[in-house]
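Structure, as structure tokens:
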């Protein structure tokens with residue numbers, strides 16, 4: 001059973017936006033409505049331009065989304081911005097499920113090296129993008 005807290009924080013100790021759950025849901029929806037089509041457009045643009053056995057469209061959106069989230073965290077974005085842009089936009093832009101599916105598809109196609117490469121590159125590049133963006137925004141912002 002999850003207990004409700006009344007101190008302005010969510011059940012996982014993250015600050016919530018003033019106005020409660022309805023405002024948070026609206027912010028996530030707004031961010032998601034922007035992130036999902038951006039994901040689709042980036043994926044299609046990359047896939048149309050580069051022919052590769054690696055799923056470079058998914059890799060690109062995951063790296064970009066990780067960098068955006070890292071920038072928000074590094075800049076100490078406020079609650080509403082982190083909810084809309086971090087959870088909503090970046091959540092819709094990035095895609096772990098497609099990453100998993102495409103990796104399994106590579107395995108079932110017998111492309112084991114590409115599958116391993118996809119996992120290593122995706123994780124390393126996404127974590128690296130977060131780290132770089134946090135570092136950059138910490139350096140740029142006082």
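Even glycines carry a Cβ here, placed using N, Cα and C.
Annotated features, as they stand in Swiss-Prot:
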| type | residues | note |
| --- | --- | --- |
| BINDING | 91, 94 | Na(+) binding site |
| TRANSMEM | 23-43 | transmembrane segment |
| TRANSMEM | 54-74 | transmembrane segment |
| TRANSMEM | 79-99 | transmembrane segment |
| TRANSMEM | 116-136 | transmembrane segment |
Notebook entry, point to check: Just how many other Cβ atoms lie inside 10 Å of the Cβ on residue 94 (Na(+) binding site)?
Noted result: 21
Check: Taking DSSP three-state, what's residue 94 (Na(+) binding site) in: helix, strand or coil?
Finding: coil
Check: Can you name the residues of this chain that are 6 or more positions from residue 91 (Na(+) binding site) yet have a C-beta less than 8 Å from its C-beta?
Finding: 28, 31, 32, 35
Notebook entry, point to check: Cβ under 8 Å to the transmembrane segment (23-43), counting only same-chain residues 6 or more beyond its ends: which ones?
Noted result: 16-17, 57-58, 60-61, 64-65, 80, 83-95
